[in-house]
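Some features that TrEMBL has for this protein:
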- 173-192: transmembrane segment (TRANSMEM)
- 199-222: transmembrane segment (TRANSMEM)
- 248-268: transmembrane segment (TRANSMEM)
- 273-292: transmembrane segment (TRANSMEM)
- 298-318: transmembrane segment (TRANSMEM)
- 344-375: transmembrane segment (TRANSMEM)
- 497-518: transmembrane segment (TRANSMEM)
- 524-546: transmembrane segment (TRANSMEM)
Amino acid sequence: MGFICGFSVATGAAARLVSGYDSYGNICGQRNAKLEAIPNSGMDHTHRKYVFFLDPCNLDLINRKIKSVALCVAACPRQELKTLSDVQKFAEINGSALCSYNLKPSEYTTSSKSSVLCPKLPVPASAPIPFFHRCAPVNISCYAKFAEALITFVSDNSVLHRLISGVMTSKEIILGLCLLSLVLSMILMVIIRYISRVLVWILTILVILGSLGGTGVLWWLYAKQRRSPKEAIIPEQLQIAEDNLRALLIYAISATVFTVILFLIMLVMRKRVALTIALFHVAGKVFIHLPLLVFQPFWTFFALVLFWAYWIMTLLFLGTTGSAVQNDQGFVEFRISGPLQYMWWYHVVGLIWISEFILACQQMTVAGAVVTYYFTRDKRNLPFTPILASVNRLIRYHLGTVAKGSFIITLVKIPRMILMYIHSQLKGKENACARCVLKSCICCLWCLEKCLNYLNQNAYTATAINSTNFCTSAKDAFVILVENALRVAAINTVGDFMLFLGKVLIVCSTGLAGIMLLNYQQDYTVWVLPLIIVCLFAFLVAHCFLSIYEMVVDVLFLCFAIDTKYNDGSPGREFYMDKVLMEFVENSRKALKEAGKGGVADARELKPMLKKR
């Protein structure tokens, strides 16, 4: 990927992207070399630093580019130019010719070729700050057709316009609700740290009450709007009122079904909720001793944003690299020939691999810090910054492990994405059998990817504990997961479900606040799309924070398995685990013995991870 970026920069793509170039291959703002058999090339554009399009709204929706002649000009028009006389006056005052190089400013109003060689009238006013030295119109309404063409699933444009107007009208409320979801996630993490013993019960009760309350509010709003007289609504807003009423009915029915399912699940799992309390208590102590774990999602997100910015920049470089080729219209395009034209395929693979690599580095960092905490008997002797110590070990010893694990995920993800692309291209054209086979393959690859992700995470924990390579760590992690399957199912399933309830609580709280604010705002607009945007953002934020807690729980269980292998609680072989976790284990053993399942079952559930080395 470094070679791809260096190649695109070395071939002049960076200058063409940043400074822009005209339709004849001349880079704006510099002196250019003559291109063979291409007229108007090799011009001196030292004082012409901006790219101007004669018809900026003529868009090629298929190739996603502007089908217009591009020229290098000295200045962009700041005011709308309605006639050729205005264009001529602009050229005389500012020294910026907006017509073709072959036409002098004095000939703008007299030449018969002005309609072809001059910009389409009226010339829109450009933004005060050119975008990458391009003259971009202030009013981008002409690009609305391009945006609408991308939304192929909307057949009624009036619906699209009403949805977009709802988002634009409610943009302040949307930003406020997104900030609320971030604050609620931070508060929940603080609560997890300090009241982990009662958190499970509080969370369960709050989610049930929140679901019942949200469902009741939705039905109340639906009944209220249905009873409101339609005569008081003006005809222009009648359709909007019907859309909101229909949306409320859908929301109310969905919330009712969700509440019933959630209540049944809690009823079935009520006896296993107690099993999660001890592990949540230990995980809460981990966050108390390692507070920087809370900020781990921020650093990971920051690293991903930096990489994605680099990736997009290099992709743009690739779009303007290559040799100058004259197209059918006589203008210059830059194309790569030979094997190098497929570089962007590898660039796409790199996007997936390195993104997975960054996420895997987060998992390894968290695993290393939690392992350090668990296997330190006196917690007062913990390193000053276990997170930084874990990062140091990752960089010095385990980058190859992380790279191999992320590459395996990439090998599974790429075929799934290819099959999804094929399925989207053949939608409506394939027969039922082919559609079933494609969906089955996509589903199987998705399941395999999730399994490998879970196995990789445990392999990174095994690496942090034993400092073994990826394959050995993955084998050891797989062995412990299989041999302790019952314990894994009892702890991880219930624990993950509790964290899922935390995500649901944040989404429900944010969504309920959004319903109340959007329902009583001044402007009567469709707020279906704003509410969906807010709920999706709230779930994403909650997932980013609580996924760290989920990682800590999984790492603690593997540490617990190692602890039970090398220690038995006797003098000299004391357990490293927390007292609450030991009480939990003893209570579980007593319950199994009372049920007649002790001995064999317990030995089967608490197998060691590795043989002593």
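Placement of Cβ uses the backbone N, Cα and C atoms for every residue, glycine included.
Residues of the same chain lying 6 or more positions beyond the ends of the transmembrane segment (497-518) and with a Cβ under 8 Å from any Cβ of it are 170, 173, 176-177, 180-181, 184-185, 188, 200, 203-204, 206-207, 210-211, 213-214, 217-218, 221, 262, 265, 269, 273, 276, 280, 527, 530-531, 534-535, 538-539, 541-543, 546, 549-550.
Sequence-distant contacts of the transmembrane segment (298-318), counting only residues of its own chain at least 6 positions beyond either end whose CB sits under 8 Å from a CB of the stretch, comprise 1, 4-5, 8-9, 13-14, 17, 336, 343-344, 347, 350-351, 354-355, 358-359, 361-362, 544. Here the transmembrane segment (173-192) has long-range neighbours at 167, 199, 280, 283-284, 287, 294, 502, 505-507, 509-510, 513-514, 517-518, 521, 530, 533-534, 537-538, 541-542, 544-546, 549, meaning same-chain residues at least 6 beyond its ends whose C-beta is under 8 angstroms from one of its own.
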